[in-house]
């Protein structure tokens, strides 16, 4: 049986992609940094404000990836920009489409300086009323959460603001979400409005271990004169880097999600090892102090359901006690299988009992519908070596998919 459909990524009129040249990118620069870059290349001071406004509009509103498409920019200026800078997209190594419409891109970024090309994954999840893009912040991860596939890939490096934003730009390219663009044939997407209406920093890596680049990327993504995403439609998920939580609310101002997964320190030390450094009391205290926290701006607590590990009603009672006084929503996540894991997903009946108990205590407790499992795009499954999975592992994964099929019905 085939568990995925790979689609052709070499279509005509595709956005310009990186060729590996080490020109600096204008993507991800603040207006001040862009102005400084133009000034350094000899652009007259009296023109800089206008040129920055033009570039900002072409890059983030019109979505161009080639300076030659900037029709209101003088030809000599375009030639200078082409000579010294790039606005190209990352290379699409592979694009996969799940049976449920979820899309996963394996993206390759060129070497910068003494570095080497790196690969990351981004995932698009379409729903009737919205489209959510799951963005990566690091290549690999240091956290080694025991149930998470990404945690089995060592950290290579942080992504730059350019590389974080490029995931959003590329997704909008591929989905026809910029002006005068068409969506691919047969694409499952929201019926109206933006194709990418929400972004979640829930891909590969821990965003708060890459705070400065994530901050800059999200401030550009929510800039009203560019990509214009609402901060209420941007969610940053952390495993609990306590010192950076307050800064996230104060300096970025987006919605916060916490990868919780356990209500006892002894268990969370195993599932989410960062808990040894920042235990539950410190984490919850930081959540209570999150700027802007209210019933209208609740914190989302993510809780993966692991059979006979954290899914008892005693755990549910502990969860309610732990979150007392925190405006919260609790996302229950059926565990998504990946090759080599020793964990199993809780029985569906137990997940529903757990959810009902939480709900009766006054907390919204939606059960997240597993999306993109068949292409390793679901929560906890991302890993950029996935395209090199051995045949035996793929067969094992297909067997797991068949065994778990009933859990999603």
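Glycine is treated like the rest: Cβ placed from N, Cα and C.
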Have a look at 1-24, 25-48 and point to the one annotated region 'Disordered' in Swiss-Prot. 1-24
Listed in Swiss-Prot for the S-adenosyl-L-methionine site shared with 205, 206, 259, 260, 261, 336, one of 228, 237, 360: 237
Measure from the CA atom of residue 134 (disulfide bond) to the CA atom of residue 121 (active site, proton acceptor) and give the result in Å, rounded to a whole number. 9
From the Cα of residue 237 (S-adenosyl-L-methionine binding site) across to the Cα of residue 134 (disulfide bond), what is the distance in angstrom? 11
Using all protein chains shown, find which of the binding-site residues 237, 336 scores highest when you count other CB atoms within 10 A of its CB. 336
For residue 261 (S-adenosyl-L-methionine binding site) and residue 141 ([4Fe-4S] cluster binding site), what Cα-Cα distance in Å is obtained after rounding to a whole number? 18
Near residue 141 ([4Fe-4S] cluster binding site), how many other Cβ atoms are within 10 Å of its Cβ? 26
Which whole-number value in Å describes the distance between the Cα atoms of residue 206 (S-adenosyl-L-methionine binding site) and residue 141 ([4Fe-4S] cluster binding site)? 7
Integer Å value for the Cα distance linking residue 205 (S-adenosyl-L-methionine binding site) with residue 141 ([4Fe-4S] cluster binding site) is 5
